[in-house]
Each structure stands twice: as C-alpha cells, then as structure tokens.
Amino acid sequence: MPKLPKSVACVLLLLILIIPFVLLELRGIEAYPAVLLPSGDRVVTTSDGIVTFGMTELVAVHSDGQEEIIDPQAFFGNIPIDYWQPIARRGFGLDPEVITSFSLGVWTLSAKFSPQANAQQQQQLQAWMNQRLEFLNLKDIETVRVRYPKVFFDIDSQTEVSREVTRYFDYELD
Amino acid sequence: MNWIDNAIGTLEKKIELATRTDIESLCFFRIVFGLFTILFFWPSYRWIGDVPDAFFNPPIFSVAALFSGFPSPVLFLAIDIGIFVTIITLTIGLFTRISTIALLLLILLGNSFQYSFGKIDHGILLYLCVLLVMSFKDWGRFLSVDSLIRRNGTARFEQARQNAPKTPARLTVLGILVAFGFFTAGYGKALNWVDFDLSTSGVLFWLYGGYFTLGRGELLAPLAIQLEAPLFWEIADLSAVLFEMGFLFMIFWRRSWFVWLTIACCFHLINCLLFNIPFIVQAIAYLAFIPWSGFAIVNRVCFRYPKTLLLGLFGFCSLAAAIKLSFSNASGGILFAITNQLFGSSAELQVTSLFWLSLVGLFAIAFRHLFVDEQARPQLPITARLQD
C-alpha cells in the first residue's frame, strides 16, 4: 500500500483530533467518539472562610407538602450516579426539544438536540418513577422535585451558613 | 512541501524515540490489558434495556443519534455476550487482531447508548485509544494461542524469539492521543483556573461538588473539606493546568515522557484520595509504554513457558467468566464486584488508591530499567526494523 506523505498524514491526524475539540469549545457540541478528556473548568468562590458552590438535590414532596431528600444513587438504581444530574437537568426528558442552527455562509444547518419525550415515553417514565419510589418505600408522594440551591459553607466550623434555592423543577406524579 | 515533510519527520522521530517499545513488550502488555479489563473494567450494557426512553438524549454526532430511543434489550445482551467472548479471546491471544477490533467496536457501540443521558464520560477514552492503536499492531505475535498455532510448538517459538533481536514497535500515535487528550482537559482549565485569584478555586469546585452532590466523601475527602488554605488550592489549580498541558511538550523526550507518566499516576492517586475520582481505566494507556520485556520475570518465566502461561490464563479467564456471570448484569471488573460484595462500595476506592500507588512504584522500576540498567546494554536498533 503506498504510504501517505508525512504532511498529509499529519494534517489528517490533526483534523481528526482538532475538529471535535473546536466544535466543543466554540459550539458546546461534543461528538462521540472523540479524543477529549474532561475539562471541568468551573470554579467556586471562597471569601473569609466561606465557600460558595452550587448543588443539585432530589426531593420527594409528600401530599401534605412535607419534603424528603432522596439519595439519587438509590433512586436511579442501575443508572450510574454520574448521569442523574444531566437527566434531571432536562426535566427527566420533559423539556422541549432544542433546535440549534449552524450558519455556513449561504447555508444554514439545523440540528435537533434533546428530544422531548412523547406521550408513550411519558407514560413509561411515570411507571418507572412510581416503581422507584415504591422501591425506596416512599409512599404518598405527589411530586419529585429537582432543586438547585446555592450553598454558603463555613470551612472552619464545617457548617452550612445559608442556602438560596436558585431554581427548581417539579415532576408531578399522577 | 519537502521541508514540511522533513520538519514533521523530525518531530515524529523524536516522539517515536520517546515512546518506543518492542513487540515482546506489547505482547506481554496484551495479557496485562486482558487481565486489567477482567479485574477492573469489564463493561456491561444490559442495564440500559430497563431505562425509560424519556431519558434518551444522545450526543448529536454519535451512532445512537440515528435511533429515536434506546434499542431493544436484546441488542445490549448481544453486545455483552460479544464483549464477554472478545475479552477472553484477546487475553489468551486467539484471533487477536479480530478480537481487538471487535472489542473496540462493541464498546464504542455500547458507550454511544450509555452516553445518551446527556453526558459523555471520558474515563475510558484512553482505553479505547489503546485498542485502536493495537488494532494495527502485532500484539498477538508471542504469548498467544495464535503464535502456538502459527509456529507449531513452543521450542521453535522460543528459539526463534531468542535468535532474533528485539523488534522495536512504535507507539507514536498512542503517545500523541494521550498528550492531546490531556491538552483538551487542560485547555479549559488554563482559561478559567489560572487567575491568580485566591478567592476562586477550580479544584474546590470538584471537591465540593462531588462531596455534596455525588456523595464523594470517602478516604481523605472529609479532611480536604476542612482545609482552609486558599494559597494551597490556588497552587493546586496551577499544578493541574501545568501537568495536563505539559504532556504536549514532554512527549519529545524519553525521560520526560516517563517522568510525566509517573506524575500522571501520582495525579490520579491524589484525585482518588481527595476527590474520590478513581479514573482507573486511564491506567491502561500508561501501562502500554512500560518496557515489559526488560523485566527479568517476564523474560525468564513468561516467554520461556508460554504454553503453561496460556493454560493458566485460560483457567483464570474461565473462573473470571463464572464470577462475572454470577454477578448478573453489574458493570465493572470482577475484583470490584467481589470487594463491593464483601466490604461495601467504599472498598472500590481503596483498591483503586492502592492500584495507583503500585503503578507509581512500577514506573519507578521501569524508569530505573530504562535509564540506569539500559546504560550497560547496547541500544535497541530503533530505526532498523520498525514494525507497524
């Protein structure tokens, strides 16, 4: 088999490596498979011994309004714990579909992300939710809530000074 | 274009020299790879069959994006069976190249669906890079059922191996993939973490986020949470960036490459202890660069008694298969399945920490072999018979 000139092989390798990286950095779109390792480049702020960071909580709301924190690992069962936050962030699949457009000069390409669950899938989800709550022995639950508090934590005393719920999402059970 | 080719050629040669190994080492590494997969990784995808389709959110450029929901559980069962068979055939070296390619494709397909929850995991990226590179290497030439069939007996095989000089093997592409992978991890951090501002911390983002949201509160994490030392955490931010970006520069010299791989093991050990992020599967990419054939035990025992070694491996694989089957559809290596069963899930992190610590030791020994013992021996004929 004839060998490629080094420059051509090098350009090919660079393209394979760089295109997914550029897509991720410029458009936030991650291809799979691609040679990308996790960046995790966010920061938390600390000041006067108080560190401020965001959290995600899974909460079961009883019919009397009482809240109970759920252990996500136990709730999601076989699904690895790392995936629970992305699932919850999308409203368990109920959020509307996202359509993004790319402009390539005269052409505009549209791509659909995060498909919204159809009626059948929503029914399946409802059954799954009930089954998981039952498994955790949580009875009389009306809502599964995903809460995003901002926590102010005192490092010295190892106590939470305060928290503000910045937003939340409610999944209503039938 | 000639001068560009020459410049690229010079760089390529430097990387080649820095990352080179030999075919015997690669063949032994194949066994290490197989055992590592059985003990620490062994993926399984059957659990995806039970997940509601509402969670389906595939990466836009992936095989899974061609589907409208999770496929039938039968597909995942088929993938699991395929992985089961290929891991064993790869370990004993039966149809080695086919097994390597099949394992790579099966894991890629399974992962396309596993990553359809809105998050792509990167923990096994380098594992896949190793499989990709090895698909083009002859890592089944020795210590394999293939070699016994081809050479019709161990005596001729051993004689042939001893009479032939060590055959160098290129790991240039794997080196580039590792270095570029780390660059992509370090790039974002370089932009956001390097701010010389003691009131912000990137490392603490991982610590607090993991501790409070993902339940990563084992080993030294409770102590790290109590540490109020902004300067220390700022230095940690800078060190992480320096380390991850540094791979791109260290790949040009053999010593620095090995030093950086050793630092990588220390980096993962610290991540495991402080942040409970095991990332154990990354280790297999570092292990590929170890000059295994230089170790006395590998050379004198494994290569002298390949039939006995293969019989032992076959026995071990059979036992491992039985254990894996008895743990039904749990994903992960059998060592973790056993320790989790006996000591709870926190044992996994303890085992991983010990593993990374052992790897630091292994690289120290390899380093000594490469740069102290090798002085006394003639150099390998690097350019003479490069095999690809």
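Each position is counted from 1, following the chain as shown.
The backbone N, Cα and C atoms fix where each Cβ goes, and this holds for glycine too.
In TrEMBL, annotation is done automatically, which means it is predicted and not curated.
Worth saying up front: this structure is predicted, and the values here are computed from it rather than measured.
Copied from TrEMBL, the annotated features are:
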DOMAIN    B:21-278  domain 'HTTM'
TRANSMEM  B:23-42  transmembrane segment
TRANSMEM  B:54-75  transmembrane segment
TRANSMEM  B:81-108  transmembrane segment
TRANSMEM  B:120-136  transmembrane segment
TRANSMEM  B:171-191  transmembrane segment
TRANSMEM  B:231-251  transmembrane segment
TRANSMEM  B:258-277  transmembrane segment
TRANSMEM  B:283-302  transmembrane segment
TRANSMEM  B:309-327  transmembrane segment
TRANSMEM  B:347-367  transmembrane segment
Sequence-remote partners of the transmembrane segment (B:231-251) [C-beta within less than 8 Å, at least six residues beyond its ends]: 15, 18-19, 175-176, 178-180, 182-183, 185-187, 189-190, 193-194, 196-198, 201-204, 257, 259-260, 263-264, 267
Reported mean pLDDT - the domain 'HTTM' (B:21-278): 92
Contacting positions for the transmembrane segment (B:283-302) when only residues 6+ beyond its ends and CB under 8 Å are counted: 19, 21-22, 24-26, 28-29, 31-33, 36-37, 126-127, 129-130, 133, 143, 166, 171, 174-175, 178, 257-258, 261, 264-265, 268, 309, 355-356, 359, 362-363, 365-366, 369-370, 373-374
Folded-back contacts onto the transmembrane segment (B:258-277), same chain, C-beta under 8 angstroms, at least six residues removed: 206-207, 210, 216-221, 224, 240, 243, 246-247, 250, 283, 286, 289, 349, 352-353, 356-357, 359-360, 363-364, 366-367, 370-371
For the transmembrane segment (B:81-108), sequence-distant contacts whose Cβ falls under 8 Å of one of its Cβ atoms, 6 or more beyond its ends: 27, 30-31, 33-35, 37-38, 42-44, 63, 124, 127-128, 131-132, 134-135, 139-140, 143-147, 310, 313-314, 317, 321, 324
Beyond the flanks of the transmembrane segment (B:120-136) by at least 6 residues, Cβ under 8 Å: 26, 30, 33, 41, 43, 59, 97, 100-101, 103-104, 107-108, 111, 114, 171, 173-174, 177-178, 181, 185, 279, 281-282, 284-285, 288, 388
Chain residues outside the transmembrane segment (B:54-75) and at least six past its termini with a C-beta under 8 angstroms from it: 46, 48, 108-109, 112-113, 115-118, 120
